[in-house]
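K.L.:
Found this in Swiss-Prot, in case it helps:
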| type | residues | note |
| --- | --- | --- |
| COMPBIAS | 1-11 | compositional bias 'Basic residues' |
| COMPBIAS | 12-37 | compositional bias 'Basic and acidic residues' |
| COMPBIAS | 52-61 | compositional bias 'Basic and acidic residues' |
| COMPBIAS | 657-666 | compositional bias 'Polar residues' |
| COMPBIAS | 687-699 | compositional bias 'Basic and acidic residues' |
| REGION | 1-70 | region 'Disordered' |
| REGION | 179-204 | region 'Disordered' |
| REGION | 656-716 | region 'Disordered' |
| REPEAT | 110-145 | repeat 'Pumilio 1' |
| REPEAT | 305-342 | repeat 'Pumilio 2' |
| REPEAT | 361-396 | repeat 'Pumilio 3' |
| REPEAT | 397-433 | repeat 'Pumilio 4' |
| REPEAT | 576-613 | repeat 'Pumilio 6' |
Amino acid sequence: MPREKKKRGRRAEKSQSKRKREDEEVSDSPKRQRTTNEDNDALAGDDYIPLDTHDTEKEQEQGQEDDTPFYGLLDTEEQEYFSKASQTLELNSFEDDDDKRLFIESVYTEAKGKELKIACSQSCSRLMEKLIAMSTPAQVKALFEKFSGHFLHLVQHRFASHCCECLFIRAAPIVTSEMEKPKDKKKDRKQTIETNGEDGELDEPINQKPAMDLFLGVVSELEGNWGYLLTESFASHTIRVLLLILAGEPLADHSNARVLASRKKENVDSITSTAQAELTIRESRQVPAEFNNTLRKMISDLSAGLNSTYLQALATHPIGSPVLQVILSIELGCMGKEKVKDKSSVFRRLIPDDTLETKEEGVNFLNSLFYDPVGSRLLETIVRVAPGKFFKTFYKTVIRERIGSLARNEIASYVVIKVLERVSREDLQSAIESILPEIPSLVQRSRLNVIKTIIDRSTVRSADTTSLAKALESAYGEDGLVRLKTILGVEATDKDAESVKPKAATSAQHLHGSLLAQSMLQAPGGLATMIQTSFLAAPVEILIQIAKNPTASRALQEALKPSKSNTQFRRQLLPRFYGQMCDLSLDNSGSHVADALWDATSDLVFIKQRLAQELADNESALRDSFLGRAVWRNWSMDLYKRKRGEWMSRAKGLDNTRVSAPTADSSAEPAKSKLDLARARYAARAEQQEKPDSREQGPRGKKQALSAPSGLLKAQ
């Protein structure tokens, strides 16, 4: 049977309630009914907190949407064109740089007047990021001016905020270049006008603002809104970049990378950036004095009205805490000791001067940060950049007695790593003794970061690691083969490894194990011996399996590095690779081990000859493979087949250069004997006596005679 038509949802309920109200008679009730006006009055009151805020939140969202300007949408043809342009830039299949430059100019011409639409478009905002990364300084500044006046809304937009961030990073080196060569730019402009005429096109229009003024305009545009931008999910990323640019800090540094962007962000710069651009953002930059003044004012405005309680709450805020980390790193690292002593600074408001020694509240706050996933990041920043006096008090009061239990915790261990990187040799030795009882549990749970840091810092500080080596040997067992399999994670056979794809957590454990083995090999004494004996205990099949593992092969390459202390170890290990050179050379990871065998046999030439002969016997297979050809070239096998004597001298290290013989300077004359030098001096004197008027010949002849013995000594 056909069903009766019924309206569903809120519309049906609304119509039913309306009919009921129309049918029912209005009855006077003795109770006072709350009206909508009274509801609004109550909502307007300061002390009233409504329980049902669903409607209010909707109104606020609608109000925010109304405040945000709408820049329009791209039509279908425009979206299709810009999508194809994005794919073309990603493929980067241009014939030359001029072809690429012309294509970028054509895209800019097509995007003229649509820049804001593209930046706010979900499908085309990535094109804007790629364009910015490939643009010239003049194009970057022109786009900067297009965005000016709209930054307050763009930095809060889900897609446009990434374009703003990319624009700031690309424009930061332009500020430094304009500071360094302002006069040269004027000369270039005059020369361009003289060459092209007054109507000729310039690479950089004369009426463009300097990049410094563009950045100052952004700060003034955002001024007065720092309070809510600090914890805004999209704007906070842009604020962090802006702070680092004003301070002249590196934008691609490892310590700053985690506070600039999340792990989920697509790395567009890896596709588009050049080596020179990458170098400019990895280094500290010189900034004008106006940036320093603006930075101080910006930090004071950001923290204005934030008392100690609010700052401590901000320390564990997932969005506000990274901004606080950048502010603290700038205050403690760039603004000098005077700013640290200032009671109005963010650092002193967060942690007062007498907190650690007299007040328990401050100590409790710092203790709570150890176990918080967000707060521990802030604590790492404080440990890394805090003044020495504060760090010593902090270590003595908070960390020293409980460093063992902190190292055992999954989150607090990262703070312990930063502490170990900064302590003195005596404190490091006492910290090792405190952490030793936790070594078995750390090994069992594969928490190897702390152990690796202890080994690295002990190598730098020349601390004693005998007790640590014994603890690791007891934790991993005395059997060398089992120990090696456990550390490097090679328990599965090759067939199992091919069929089963490793999980991310397992891969991370294997990576930490490989890094631990490399650190142990670099440390002197029993730690290196423990890994070396494990490699010697492994059969050939396990060694080849390790060599073909992309993670574990790094440890094997480290073990093969030649040094005076491991000559006997290499003499015993290298014959295990007889008959395996072709197999290793054709593998992606094994080819790196094959390359490492060249340096490993630098003082064992008879082994190097045997391995080179194996490569020569499998020449056809190696030449058919890209990896094999690379190994053939690195082992100088063409020289081995044609000029065995030159190859032997290179194998013995007498000729360290791996350049072919024709590239050498053929015009160099052979070294003269002492008799030839004496004859040259005699001839020079005789020539000088025959031509007494010549003033240049005497000194020149004398110079040749005196410089020849030094050249002879160099040749000998």
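Quick reminder: no glycine exception, Cβ is built from N, Cα and C everywhere.
Relative to the rest of the structure, where do these features sit?
P.N.:
Per-residue pLDDT, averaged along the repeat 'Pumilio 2' (305-342), amounts to 85 for this model.
With a threshold of 8 Å between CB atoms, the same-chain residues lying at least 6 positions outside the repeat 'Pumilio 3' (361-396) that come near it are 255, 258-259, 312, 315-318, 321-322, 324-325, 328-329, 332-333, 337, 340, 347, 351-352, 355, 406, 409, 411-412, 414-415, 418-419, 422-423, 427.
Listed by sequence, the residues of this chain that lie at least six past the ends of the repeat 'Pumilio 4' (397-433) yet keep a Cβ under 8 A from its Cβ atoms are 356-357, 363, 366-367, 369-373, 376, 379-380, 383-384, 391, 441-442, 447, 449-450, 453-454, 457-458, 461-465, 467-468.
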K.L.:
Could you give me the DSSP helix, strand and coil counts for the repeat 'Pumilio 6' (576-613)?
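P.N.:
Across the repeat 'Pumilio 6' (576-613), DSSP assigns the residues as follows: 27 helix, 0 strand, 11 coil.
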